[in-house]
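This report concerns only the one structure given below.
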Amino acid sequence: MTPDTEREIRSAGQILILNGAPRSGKSSIAKVVLDSFPGLWVNLGVDAQMATISEQHRPGIGLRPGGEHPEKEAVVQQLYRALHETIAAHSRLGVNVVVDAGYHEAYSQPLHILDDCARRLAGLPVLFIGVHCELATIMARRAASASNGTIHYLQGSPNDPVPEPVQRWQMAVHEHGPYDLDVDTTDKTPEECAREILTLLAKDRPSPSFFERRLTLIQT
């Protein structure tokens, strides 16, 4: 490691990766982080990226579990690599980053997305935070999104109250081992969840962290 790299890491911005299924509350927590946490924060992730790519490449990194579109997976891998490099660049320049994403490995073939993240963010202060929410609440939020004219989400029906793709998200997104912190938005507000994150930041961080453990595994 060069002296310049050591200085960058010592002054690096904090990275928070909020991982969960769609409508679990990640974006709402990220907004609280942006608006209330001390220092300069930027939000990167699935929603921010969706606004920057063409319709033909959507949903980008938001491609849902199930391997339904193998023809899009090379783009997903490419976009995740670019995202990880962007996160690392912001952090090395002292900018704090909050990321809302839905990491999973339920593609038609292994893409090793989290392994790539561990490599590219190695040495930087990053916390991997699981954002959980009960399915009934997620379905209610999906219905509310449809009724107020915002982003369209797959809805349930009397014969199929929780569509199989929604269930796949709920299972696949949290299959990779323990997080550095878990928050649950079923009965907690985004502000309450953000306070739990801020409390963790004020204490000794988990050691080894999720990505430190991941990096050790892929290097052995």
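A Cβ is built for glycine as well, from the same backbone N, Cα and C atoms used for every other residue.
Copied over from TrEMBL, here are the features:
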ACT_SITE  ASP47  active site
BINDING   GLY20, ALA21, PRO22, ARG23, SER24, GLY25, LYS26, SER27  ATP binding site
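Distribution of TrEMBL features across the structure.
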{"residue": "GLY20", "record": "ATP binding site", "contacts (Cβ under 8 Å, 6+ apart)": "LYS26, GLY102, GLY130, VAL131, HIS132, CYS133, VAL173, HIS174"}
{"residue": "ALA21", "record": "ATP binding site", "contacts (Cβ under 8 Å, 6+ apart)": "GLY102, CYS133, ILE138, VAL166, TRP169, GLN170, VAL173"}
{"residue": "SER24", "record": "ATP binding site", "contacts (Cβ under 8 Å, 6+ apart)": "VAL131, HIS132, CYS133, ILE138, THR185"}
{"residue": "GLY25", "record": "ATP binding site", "contacts (Cβ under 8 Å, 6+ apart)": "VAL131, CYS133, THR185, PRO190, CYS193"}
{"residue": "SER27", "record": "ATP binding site", "contacts (Cβ under 8 Å, 6+ apart)": "ASP47, ASP100"}
Lowest local Cβ density (other Cβ within 10 Å) among binding-site residues: ARG23, LYS26: ARG23
Shell of the ATP site beyond GLY20, ALA21, PRO22, ARG23, SER24, GLY25, LYS26, SER27, same chain only (C-beta within 8 angstroms of their C-beta centre): ASP100, GLY102, VAL131, CYS133, ILE138, THR185
Entry from the recorded positions list PRO22, ASP47 having the most other CB atoms no farther than 10 A: PRO22
